[in-house]
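What TrEMBL annotates here:
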DOMAIN    1-244  domain 'Deacetylase sirtuin-type'
BINDING   C134, C137, C154, C157  Zn(2+) binding site
Amino acid sequence: MLTPDNAIEKAGNLISHSKRIVAFTGAGISTDSGIPDLSGIDRILKDDPYFTGDVFNLLSSSFATHHPEEFYRLYRKTFFQPNAQPNEAHHFLASLEQTGKLVGIATMNIDWLHQLAGSQTVFEYWGDMHKNHCVYCQRSFDWQIIKEMVLPKCPSCGHVIIPDFVMRNLATYQDAVAAGQALIAQADLLLIVGTKRSPNQFPQKTPKIIINEYPVLSGGNNFLEVNGRASVVFSKINQYLRTI
């Protein structure tokens, strides 16, 4: 069994010798930026004295449309953190792309932190918080109006504005998913970060580095699991890469 230091070194060596790295990221990469993952959001909702549903109830278009005040109160306690900044993990992936080693990122996140860190090729399976629409006239809005108004309403028709990923009832953007899958198919190394998705859902022959705060795997091959917060793990990998 590898020690934590050995795992960092092995991960660094895999990255150093790879030329077509692709990252697949989930909520765990952004927790050190102050954005809760689904477990954290679930705890927030369970502790809320006025809400009796779960995260999927919160993110339904029906709830957001018919109870907009309650939706936005909870949205701002959970997903919507417009002042969040990229952490070391986001910056490390952006730097890998700038050096030509990483060819792109497929992400399940809506926080836009990869782009803020400087990443150029990012396929967002659920879109991001910048995309919002009026439920009535379908006019589109950036997140500025969400930041400025307690209850965002369309200046044209007066109806409520809700995030696209909520309006779509969490349906993925199939063009983004297809592009992400095509990207993953060409990888010679996959970085799977902050998600409990099984490595068996990715190309079996492609080497993988799985980074999660806690162990989530029970077996398999052709992957290296490194446990720890993504920002800390990538900071250590970056330090190691500077020594070789």
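Keep in mind that glycine also has a Cβ here, set from the backbone N, Cα and C atoms.
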Discussion item. Is it possible to get the count of other C-beta atoms within 10 angstroms of the C-beta of C154 (Zn(2+) binding site)?
Written reply: 18
Fill in: Neighbour-count leader, CB within 10 A, binding-site residues: C134, C137, C157
C134
Worksheet item: Taking the centroid of the Cβ atoms of C134, C137, C154, C157 as the Zn(2+) site, which other residues of that chain lie with their Cβ within 8 Å of it, listed in sequence order?
Response: V135, Y136, Q138, R139, S156, G158, H159, I161
